[in-house]
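Engineer: Take a look at the following structure, please.
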Amino acid sequence: MSTQLPLRARLAATATRGVAAFSRATGRGDGSVIGGRVGLGIDPRLLRRLAANRQVALVSGTNGKTTTTRLTAAAIGVLGPVASNPFGANLPNGHVSALALAPDTDHAVLEVDEHYLPHACDAAQPRVIAMLNLTRDQLDRAMEVAMIAKLWRDTVRGRHLHVVANADDPMVVWAADAAEEVSWVAAGQRWHDDSAVCPECGSAIERVPHANGTAIHWRCTGCALARPKAQWTLDDEAVIDPDGNRHDVKLNLPGRVNRANAAMALAVAARFGVRPNDALPRLAEVTSVAGRYAVVERDGKAIRLLLAKNPAGWLEAFDMAEQAPTLLCINARDPDGLDTSWLFDVDFAPLRGRRVLISGDRAYDLGVRLAVNGVDFVHVRSFTDALAAMPDGRVEAIANYTAFQQIRAELNRVD
Ligand SMILES: [Zn+2]
């Protein structure tokens, strides 16, 4: 496929690979961002050219997109090699790198930042888009949820593509509903605060627990927007496909959240002709995603790293964490958002009764929140001090973005 590219695009793709390799060799990260930037500088249409003639799936949403991208690429891997951006470089530079580094694949699965979905759609002409969820990413950006839902809705309207969407998120449903074809997945929604109001008419969204106690039906009290019937559902440890077949999902990733991510991946892969039974063994091989979920042995402790970037992410992390001593680490640097008042939107009660240590630039803000929530804790100055203070055995470490990267660095860059 690369031989069909025009000369400028071939040079640009070669430069992308070269710069990325140089960046890796000199220890400056995986090089996908800088490599893509150089490639796009040489040929601004490089993404479009590299995506042409491939079958592309895009994965977007506030939370879970890196994991779902990884699972989807694993599932579609049944059909052959897949180009992907597995480390979360989800802007055009990262997409160019992912495709330039795997020039001859028939399939590509790309994680896309929520804001860039229109751009990625124009350039990559995807066959399938997976829409996971939309919640506030940082308090600074809280007002953007409805705006992004509108952006997505306008993006899919009138395009010839298939959307795989979370039926439990009203914002996602409203966006996906404008698409020609949709597969609905009962992927769940723990965080309701950002979809309390209907994006169509502004009325309140009403939620009613299902008779089976798990799914929650929702509907707008002012218009016809309501939870669609899901073709793909979850039942404890299993995913049920549109034909009603039950598939036991054995993942090496924790929590119901990741089983829901697996259901999304299976639904996307099915659009490419991959049967769940063929995909499931490959999903089980995914053990760590960009350092997340990895269990690292250190000083008699088995430390698992969980990333929580926003309120919805914290609730999901509590779902994934085992009943074990837990380190919470919070910074408030630029990538984290500077305002930590969101801490008061998150219910930390699931941590009551556990040994809880806190650390990070904003440990004191967190401490106040935990005190109000009735969770006992001890403050430590560093990750090393936290390890020294923990008993041997399993330790859960939940951190926001820059705190997570710090811990990862201290553990020598877990892959
Ligand atoms: Zn409404």
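We number each residue from 1, going along the chain as drawn.
Cβ coordinates come from backbone N, Cα and C, glycine included.
Sharing the features that TrEMBL gives for it:
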ACT_SITE  Asp339  active site
BINDING   Cys198, Cys201, Cys220, Cys223  Zn(2+) binding site
DOMAIN    59-269  domain 'Mur ligase central'
Engineer: Quick one: average pLDDT across the domain 'Mur ligase central' (59-269), no decimals.
Structural biologist: 92
Engineer: Whole-number answer please: how many Å between the C-alpha atoms of Cys220 (Zn(2+) binding site) and Asp339 (active site)?
Structural biologist: 31
Engineer: Which are the residues of the chain, Cys198, Cys201, Cys220, Cys223 excluded, whose CB is within 8 A of where the CB atoms of the Zn(2+) site average out, their centroid?
Structural biologist: Pro199, Glu200, Gly202, Ser203, Ile205, Thr221, Gly222, Ala224, Leu225
Engineer: Return only the integer: C-alpha distance in Å from Cys223 (Zn(2+) binding site) to Asp339 (active site).
Structural biologist: 35
Engineer: Taking 10 A as the limit, how many CB atoms besides its own sit near the CB of the residue listed as 'active site'?
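Structural biologist: Other Cβ atoms found within 10 Å: 13.
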Engineer: Just to confirm: which same-chain residues, 6+ apart in sequence, have a Cβ under 8 Å from the Cβ of Cys198 (Zn(2+) binding site)?
Structural biologist: Pro170, Trp174, Ala204, Ile205, Cys220, Thr221, Gly222, Cys223, Leu225
Engineer: Just to confirm: which same-chain residues, 6+ apart in sequence, have a Cβ under 8 Å from the Cβ of Cys201 (Zn(2+) binding site)?
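Structural biologist: Once residues fewer than 6 apart are set aside, Cys201 (Zn(2+) binding site) is near Cys220, Gly222, Cys223, Leu225.
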